Amino acid sequence: MAGGKMKKDKQKGPRAPSNHYQGGVTFHKSKGQHILKNPLLVDAIVQKAGIKPTDTILEIGPGTGNLTKKLLEAGKMVIAVELDPRMVLELQRRFQGTPFSNCLKVIQGDVLKTDLPYFDICVANIPYQISSPLTFKLLFHQPAFRCAIIMFQREFAMRLVAQPGDNLYCRLSVNTQFYARVSHLLKVGKNNFRPPPKVDSSVVRIEPRKPRPEVNHKEWDGFIRICFIRKNKTLGSIFKQKNVLSLLEKNYKTLQALQGSQNVSLSGNDDMEIARLGDESMEMDDGMDDDMDMECDEAEGEGEVSEFKNKVISVLKEGKFEEQRASKLSQESFLTLLSMFNKAGVNLIENVKASVEFYTVNAKEGLSFNGRRKCILKEFITKHNVPNHVPDELVECSSQDDEVPKKPNVKSKETKMN
């Protein structure tokens, strides 16, 4: 063109391969599919795992098999759990006809819904959205394994290893470290993955404690939930909240009733309503204080202070916990406080309600009142190891004693247990 520069036509060459592809397989970020592409990092993970030649290894989310290959070289057997059928085919195709084909077992399915077989070590690069439920599924797996080497999102990993007084110390930290020894192994930048995630990652080692702590797991989790309602508030302030006191008092009264020291109503209404404290997933909190729909108003200035409230506060004062904060307490301190509450008769057991409802339904169907009461007491006491003074004949009762002739024994809803 006159008086100007001539435009050069750009020749369109072959398009560079996208980072979202490998071997013809498309990776979906929305499903947490981020494949390790750095061979040095793969070698480091295998080395940190301390795999023995006789070990059976569980790999979660094997993808296209970059890590799987190294695990097969190090151990005796690899059991790979993969949800995506495309990845399963890719994995089988990669090792078909190789010496490792007989050492690899692939399970297609959701790892959270799969009954896991026996394994010695778990090595996993997992979708970050299942981090918390998977962690606790592994911690409660039986028989216990030796250790797990897992890639987590950096912030989640830091919460797992946080210590009392750290900003990231939370319910997740307490619950995980209560059941396992947790240590941080490696920092992993996002560019080590294909496609790269939005955040950096960390590799964490988890070793289940042996023997497992002998506590009621539901009660422990419920207790920790209450303590972390506002982790930077004093425990004295938390346990004076209306809803907390109401919750604990209902548990206390129900437990006393089941032990025969109080009357039990068959109405099935508010008198026996127990708020749920535990959750099997023990899911990760977001770093903020839990609210649990609890009111922050303290039960002050509303008539006389209840006898039960005095009991709770006296326990806190006796152990010098009233001015302590959950964010600063160690596991030993939490265990001490829970033990003191139990000795005072303050229990945080979710299944009290279920036991009462079980009794109510069967009593209305015409089963023996006394027989049902005995068996509920037996089941409850055995399951929760409740301190009690129940006569031997109650503990030794049999479900065969429950059956009675056609007419129901319960004449009205107002029938008492005494």
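Cβ from N, Cα, C; glycine included.
Asn125 (S-adenosyl-L-methionine binding site) is surrounded by 26 other CB atoms, counting those within 10 A of its CB over all protein chains shown. What TrEMBL lists as S-adenosyl-L-methionine binding site is His34, Leu36, Gly61, Glu82, Asp110, Asn125.
Residues or ranges marked as compositional bias 'Basic residues' in TrEMBL: 1-10.
Under the heading compositional bias 'Basic and acidic residues', TrEMBL lists 403-418.
Residues or ranges marked as domain 'Ribosomal RNA adenine methylase transferase N-terminal' by TrEMBL: 41-210.
According to TrEMBL, the region 'Disordered' annotation covers 1-24 (among others).
TrEMBL lists 397-418 (among others) with the feature region 'Disordered'.
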State the mean pLDDT for the domain 'Ribosomal RNA adenine methylase transferase N-terminal' (41-210).
93
What residues, ordered by sequence, lie under 8 A Cβ-to-Cβ from Glu82 (S-adenosyl-L-methionine binding site) and sit at least six positions away in the same chain?
Gly61, Pro62, Gly63, Val88, Leu91, Val106, Ile107, Gln108
